[in-house]
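Colleague: My questions will all concern the structure given below.
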Amino acid sequence: MSIDLPLVDMALAAGVPADAVIPFGRDRAKIDYRWVESLGAQLGHPETGSVEPGTNSVQPGRLVLVTAMSPTPAGEGKTTTSIGLADGLRYLGKRAVLALREPSLGPVFGLKGGAIGGGRATLTPADSINLHFNGDFAAIAAAHNLLAAMTDNAVYFDTHDIDPATVSVRRVIDMNDRALRAILLSPSGRLDSAGPGAGTHSNPGAHATRATGFDIVPASEVMAAFCLASSFADLRERLDSMEVARTRAGKPVTAKDLGATGAMLALLAEAFSPNLVATQEGTLALVHGGPFANIAHGCNSVVATRAALAMGEIAVTEAGFGADLGAEKFIDIMCRTSGLRPDAVVFVVTLRALRYHGGIANAARHIHNLRAVWGQSVVVALNRFDTDTEADIANVRAQFEDLGVPVAVSEHFARGGEGAAPLAQAVLGALETPSRTTFTYPDNASLAEKITAVVRRVYGGASVTFAQEAREQLRELEERGYGSYPVCIAKTPASFTTDPKRLGAPSDFDVPVRDVHLSAGGRFVVVMAGSVMLMPGLPKEPSALAIGVDAAGNVRGIH
């Protein structure tokens, strides 16, 4: 099976009106967000729906979430498995559409590499998707940095009575660059008080130096707002509410107060329409937004997922890293705010990761959480590598079957949709008894109770230790009315704990929380656990060393 129609024709065949398909060259397009909005709330579960080709009527559709065990540094192939599963469903005659996150340049040039799948389960055009794509990340970074610039401009001219010491908005860049984690900044543009421009304003804040820094774009609050917004109007409200500083009287200063929202929306207007590409086998894929799951909420945009539900019988999406991060946030944050619900979950394992974690215990805890905590109908996908032996596969299959969970060996990397057909068949079986989603904690629990619930019910920990500053931040957020928000815990993806070296399924551990802050745009509270940072660094030998362009102008070396 291969792409035998131009992408625009494929979109039309999936029921998208011609005026809602915006071509970006031969092999990519955008789907106008206004068309997705016109379909209404029926695209949220349980009234999910897909558009019958040639009509605007809505019929029931299904949402499948792909997650995984705690990964090795190389990852266990969730994106590749998602692509293979969608191709496999089409191989079995089902209309499947993907909804995935966009790659960030940080991992592309850092350690992990690109995010377009691999082997026969790959998105196309691969290099264009991995590098810049349709400019969405640049638009998000520009909108975020415009807000930061307007904040410092307000400090410089003292137009909003901002206390310079309270400015909280940082800059963002889509690159792993540890040197930018901590910088000194002055609204005047000078770190000393002498020289050109010095003393041109009587406002002392114009020349006050403060410590700040850069975060990576996937951790941006604008990214969170962009991905969780159900409509362009919702995006406006989310951006309006973003807090950047306090006045000298202690009142929050927002993007709306600064008059920044309109210009931010102008930068985001085109980007807000989901990107459309296809797999090598011709399965349509909406690739849109890209928050990391360790330091953000880890899901592609709500608008893209709704578009996928509108275009296919089955929408396949994935959430980043292991189920303790991506799946937890998909359910407790994205599902809670969007109305979407997964009908089944595919849980990816590899023999490599099982060996890395010393056996099945890590995977077993994740599966328990998916079923007992979140009410999901689960299928285990063994992502087969060419070095895996039949004996090892049989042994692992038996262990998972002892847990009472169906297992399918998937060979999508080597054989594409045909190799994923056993997994696709198992997923169709799971959809016959769909998930009944439940949350880790209720809305009316306190923020501290929500954090503790995730630590105990999901991670398997015993306790949470809050730094004094974090306790004060929680108290203030509760007093200001944000206690009903879900929590977004930032921690290492390598372990259930905050120590990346503690593998397997440890228990009776403590999770230290050092900082808590509001993401008003995301409508959640960010919890910094352990030593995780919002700006990654490059490894000693980054992937960038192997990337280049050959004599024919082709990009080479992205893995």
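Every residue gets a Cβ built from N, Cα and C, even glycine.
Dumping what TrEMBL says about this protein:
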BINDING   T72, P73, A74, G75, E76, G77, K78, T79  ATP binding site
Colleague: Which has the fewest other Cβ atoms within 10 Å: P73, G75, G77, the binding-site residues listed?
Modeller: P73
Colleague: On the three-state reduction of DSSP, what should I expect for T79 (ATP binding site)?
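Modeller: In the DSSP reduction, T79 (ATP binding site) maps to helix.
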Colleague: Sequence gap of 6 or more, C-beta under 8 Å: which same-chain residues meet both conditions with respect to K78 (ATP binding site)?
Modeller: V66, T67, A68, E318, G320, V348
Colleague: Enumerate same-chain residues with a sequence separation of six or more from T72 (ATP binding site) and a Cβ-Cβ distance below 8 A; give 'none' if the list is empty.
Modeller: T350, R352, A353, Y356
Colleague: Within 8 Å of the Cβ centre of T72, P73, A74, G75, E76, G77, K78, T79, which other residues of the chain have their Cβ, at the recorded ATP site?
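Modeller: Not counting the recorded site residues, we get A68, P71, K112, T350, A353.
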Colleague: Sorted by position, what residues of the same chain at least six away from A74 (ATP binding site) have a C-beta under 8 A from it?
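Modeller: Within the chain, A74 (ATP binding site) has Cβ neighbours under 8 Å at K112, R352.
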